[in-house]
Amino acid sequence: MKLLLFAAWFSSLLDPCRFLDICQSCHPNADCDDICKCRTGYTGNGISDCRDDNECETVPEICGLHANCTNYVGGYYCNCLSGFISNGTEQFQTNDGTSCNDINECEEDRKCGPNSKCHNNIGSFICSCLRGYTSPAGPWFMPNHGTDCIENSKIHCHQDHKCTKETVNSTLERMTNLSISERLKEIRYQTSAALSPVLLISYIEAMVSSKLNSGDVSKDSKEHVNETITNLVFSVNNLVEKDEKVEWKKINEDLRMYYVTKLLHTAEKETLALSAGYTHATQMQVHAGDVEMKLYTFEPRQAQKHPLSANIQGNSISLSTKKARHANNNGSTSVVFLIYHSIGDLLKPADDPGVADYSRYAAAGEITVNSPVIAAAISNQKTLPLNDVTFTLKHTQEIDPARDETKCAFWEYSPSMMGHWSLDGCIRTRVNTTHTSCSCNHLTHFAILMSSARANLLAHYNVLTRITQLGMVISLICLSMCIFTFWFFRDIQNTRTTIHKNLCCSLFMAQFIFLIGINKSAHKWFCSLIAGLLHYFFLAAFAWMCIEGIHLYLIVVGVIYNKGFLHRNFYAFGYGSPAVVVAISATLGYKYYGTSSVCWLSTENNFIWSFIGPAILIILVNLLAFAVIIYKVYRHTAVKKPEISHYENIRSCARGAIALLFVLGVTWAFGVMYILYETTLTAYLFTFANVFQGMFIFIFLCVLSRRIQEEYYRLFKNMPCCFECLR
């Protein structure tokens with residue numbers, strides 16, 4: 001019986017008429033596939049109910065953040081919001097590859113009108129006035145509302161005390177009825193666009209007037225305190241960011257120092273005052289662009305568990321505390337760290353001895369702030385007494401520790417808000433190319449001061465250039481007279497005058513090409529040619545200086561030599577060896593002849609050493625020859641002429657030594673010192689000694705030579721116009 005019932009049921013399932021009955025019962029908006037299913041865009045049981053599925057309501061943000069959803073019976077479509085444009089069809093659905101992209105309205109010319117600037121935002125844009133102009137609508141406005149940027153009538157207001165006072169009072173009056181949080185929000189908004197000097201002053205005064213105490217914020221929620229502190233940090237950033245430097249520089253230096261100090265002091269104190277609103281341990285960080293802040297609030301007994309340090313963009317600071325004698329665990333303690341990335345230029349180091357005397361370069365150049373300014377403050381030092389502060393600051397410009405002097409300093413200011421940099425209580429612990437580490441025994445605003453050897457030399461660049469030009473003109477005149485002398489007078493012709501003559505010719509060519517071609521860098525090939533000629537003739541001059549030293553050494557030591565053989569070798573060495581060096585250098589690195597600024601050898605890949613190397617070698621050889629010659633001459637005079645006093649002997653040798661220094665080119669050793677130390681002193685010594693080398697050679701080899709004096713006497717004696725002068 002059971003089997004008969006099962007067979008009957010199974011056969012009913014296989015009955016095709018049954019499937020037909022099911023499909024006939026489906027809703028008009030449903031499809032039949034064994035069962036009734038509502039079509040896409042509808043929802044229900046498929047038989048009695050298939051109503052429209054409103055995707056715009058059931059799937060939040062189905063079209064994405066930048067599009068509107070429009071529902072219709074059985075479906076939906078998306079449209080981009082105003083301020084966005086579709087990269088496909090105007091109407092689209094999710095996941096069909098279409099997206100909404102921001103329209104940059106600022107690409108349209110003069111979108112905001114004359115004397116204004118367009119700022120594109122995601123989905124919109126906004127306008128602000130250019131510096132020197134103002135709008136009745138405020139710092140930000142939309143165009144086509146009758147708003148024009150007109151010339152700011154108060155652009156010079158900061159120079160007049162009465163005008164400044166009126167503007168400050170007007171600003172304060174507008175904020176009289178605002179709460180602390182509302183005031184800081186308004187200041188942030190008003191300072192977010194370009195400011196004039198008088199507005200910088202006005203909004204700093206507005207911030208200072210926001211007197212805070214714990215009662216003002218104790219009832220605020222954590223979120224409200226966070227928002228207020230954020231508005232404070234952004235307001236400070238708006239006042240000191242890089243774009244505002246040009247306006248700060250228009251303010252009198254003393255007044256500028258006063259208001260910057262006031263701002264630093266207020267930012268620190270108000271942040272600590274606002275942190276009193278936190279009822280639980282809190283960590284907070286605000287990044288506002290050029291100003292960043294980190295804040296820690298905790299109970300005093302938890303101080304050891306909380307890191308009293310901050311690391312911000314490669315700058316770090318850490319506080320070391322000691323145990324309080326009378327511990328007070330009531331209330332909370334806050335520690336705030338503030339870093340100002342661009343304020344250093346506004347706090348120019350004073351010329352007081354406490355700062356300026358630290359550098360051996362300071363007397364010749366400017367001391368600069370070469371780091372961000374970092375500040376640290378504690379709300380209650382009685383519960384958290386300070387031991388010391390250690391910090392590492394990143395240099396604004398990389399330094400050479402061997403040439404640039406850095407010191408750890410802090411901004412010391414009085415209750416009258418007048419401040420200056422001081423070194424008291426701070427020591428430098430470590431320095432490298434990019435960072436300086438310090439340790440101080442107090443809290444305040446810290447920075448790294450630097451006196452740069454290169455910066456000092458730049459200050460003397462024009463003077464050194466004029467000395468070089470004048471010296472070379474004088475040297476060229478003197479060298480031409482030397483060449484005439486050694487070439488014209490036959491009675492003085494010998495090996496020594498031949499060497500003198502070739503040395504003078506090489507120096508003349510080198511200095512002449514230097515004078516007319518060193519700055520001709522506009523045409524690369526011509527500049528490379530000038531650099532190659534300078535390389536050759538300066539090396540030739542050094543080679544003949546070396547020959548001077550060797551020849552004098554042979555004479556003093558008393559070596560007998562073949563004059564003809566020696567002459568041939570002298571010429572080969574004097575002109576051949578420089579040619580070999582230049583040929584090899586040009587083959588291996590021809591592209592390093594000439595730079596974008598001067599027609600000389602490039603320092604890339606140490607190519608400059610193709611000149612410095614041979615020059616240093618010759619200087620060392622001549623220094624050795626110089627020492628031997630002076631020693632031999634002194635001993636010879638002492639033995640052969642005992643009647644001459646020791647003092648006279650030394651004085652005679654000194655005169656000869658000075659002459660030899662210039663003839664042998666030993667003064668070029670100042671160039672080596674300049675490369676090693678690059679100080680103002682070595683720059684002047686090198687410039688004076690070498691641009692006037694031709695003049696000194698003329699004085700010592702011609703003017704002070706008795707034989708040449710006699711030759712000139714005979715020459716002028718035969719000239720009637722000059723004879724009377726010689727009588």
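Glycine residues also receive a Cβ, built from the backbone N, Cα and C atoms like all the rest.
Of the listed residues Cys56, Cys80, Cys56 is the one Swiss-Prot pairs with Cys69, by disulfide bond.
Judged by Swiss-Prot topology annotation, Ile608 lies on the same membrane side as Thr682. Of the listed residues Cys112, Cys129, Cys112 is the one Swiss-Prot pairs with Cys127, by disulfide bond.
Sorting the disulfide-bonded residues Cys112, Cys408, Cys440 by the number of other Cβ atoms within 10 Å puts Cys112 first. For the recorded site, Cys56 (disulfide bond), the DSSP three-state label reads helix. Look at the topological domain 'Extracellular' (590-609): DSSP puts its residues at 7 helix, 2 strand, 11 coil. Over all protein chains present, the Cβ of Cys438 (disulfide bond) has 25 other Cβ atoms lying within 10 Å.
Most Cβ pairs under 8 Å to the transmembrane segment (569-589), among the stretches 468-488, 610-630, 683-703, belong to 610-630. Cys408 (disulfide bond) has Cys440 as its nearest neighbour among the disulfide-bonded residues Cys69, Cys106, Cys118, Cys440, going by CA to CA distance. Here the topological domain 'Extracellular' (518-535) has long-range neighbours at 509-510, 578, 581-582, 585-586, 590, 593-601, 610-611, meaning same-chain residues at least 6 beyond its ends whose C-beta is under 8 angstroms from one of its own. Ranked by CA distance from Cys438 (disulfide bond), the disulfide-bonded residues Cys106, Cys112, Cys426 have Cys426 at the top as the closest.
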